[in-house]
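Asks: Take this structure, written in structure tokens, and hold onto it; I'll ask about it next.
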């Protein structure tokens, strides 16, 4: 795989020049030899690694490197995936713990439906959170602890956000409001417990609900993820910065309650695990270094191959202009740019960046698990997609690859046209059905819902779940909207999309059966009848360099 051709335009030799003149060989003989040598060199360039090995005995080192990369990158991804899964699971389970500890009456429901409707409930829930924080060690079954700075616990903070001034009287239909937002906070240290009434009296905490926008409660808790020990990894220390928000911005009589947490992961200050010396960490770091080295080597080789392909493209264009007095088409030029090399280069860059982040995560300097997983996941996807190129060495599999490549331009143009209709339906559905249908509530939900309908998912539930508050006009519009969309995209657009690919497949299949060259470049190369095993590729061929000079070679 990916072996470059020999330089077609070698340095000028003494045989070509004598006292500043061209070789004295007969013009027609030299012309024919240069053309055949150049044609043979082009054919060698477009051979697959097996044919190049047969032609010149060169071992496909880059092919072997890619196979090695697939193995080690996949192993690296699996290792990181297991660690990432444990980290995400630990975060999710702690978030669920916080909801049960600090939200009164929480019952594993969707948090978006957790809301309060009376003043008494709001005060009760705020005091419940404070009491839960103060009595944390008596309540939790986990290894949660307070954060301390210089020997002093970090306090829980209760912050109100409210309008600076607000006078609202719905009875007389009047209001006077200053929209500037003020913020007021109080701090509670986990040093003494109170009952509900005692806590309220002690804090002197009151809320003006007519001005209130939100009440935000901030607290920080620490814990250690011990489950990694079972996977021979050192446990990490976690700081959970928790925010419990009582949202009253709508002033609709419903105060929504939400829990958010931000996590900081770092190496514990002092640790000891019996039978563990940190050897596994060093092995993982060494393995990641091998991955980076392999990808860096692959990046250099593939970049070199792309550059050589571009140079050969320039030489071919110059040759055709000098010999045939024709310019090479853009499609023929692009055949010298191997898209698989570009794919490998992008994959190598992503893998190197992801491996660097992974090393930073393992050494506790970084905590960007999500960024690292995106980089490594995308890189592994591209690596495995690159396996298709190896399958292309077999004739039957190559039809699929050629079909995908041939259909791609038409598919892109078709998708651009279909996207205009699709976006029109998205905006229309969002603005009309959004207030009455959960699946159309936001623009992103609309696009997801309509895409699901194209694939035949949830059709009946989409028709059914229109809220009762919608009037007959909206109900009738929703039926026309959904029926027209499904009929247009499922029965027409999708069928045309499949027909495009099918037509390309039939065209390529027919061309392969007839073995008819489809491009100017292929026609030129097809005139070379030398097979890889013929031995004609064993020697360094004379280049067609004189075609660039004003000699009679192509005169």
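The backbone N, Cα and C atoms fix where each Cβ goes, glycine too.
As listed in TrEMBL for this protein:
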type: DOMAIN; residues: 87-269; note: domain 'Mucolipin extracytosolic'
type: DOMAIN; residues: 371-508; note: domain 'Polycystin cation channel PKD1/PKD2'
type: REGION; residues: 1-26; note: region 'Disordered'
type: TRANSMEM; residues: 282-307; note: transmembrane segment
type: TRANSMEM; residues: 339-359; note: transmembrane segment
type: TRANSMEM; residues: 371-391; note: transmembrane segment
type: TRANSMEM; residues: 411-433; note: transmembrane segment
type: TRANSMEM; residues: 480-501; note: transmembrane segment
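Thinking about packing and proximity, how do these listed features fit into the structure?
Replies: In the predicted structure, the domain 'Mucolipin extracytosolic' (87-269) carries a mean pLDDT of 85.
Within its own chain, the transmembrane segment (371-391) has Cβ neighbours under 8 Å at 1, 63, 66, 69-70, 73-74, 76-77, 80-81, 84, 340, 343-344, 346-348, 350-351, 353-355, 357-358, 361, 397-398, 400-401, counting only residues six or more beyond its boundaries.
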Asks: Using a Cβ cut-off under 8 Å, which residues of the same chain at least 6 positions beyond either end of the transmembrane segment (339-359) come close to it?
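Replies: For the transmembrane segment (339-359), the list is 2, 66, 73, 76, 80, 285, 288-289, 291-292, 295-296, 298-299, 302-303, 305-306, 309, 366, 368, 371-372, 375-376, 378-379, 382-383, 385-386, 389.
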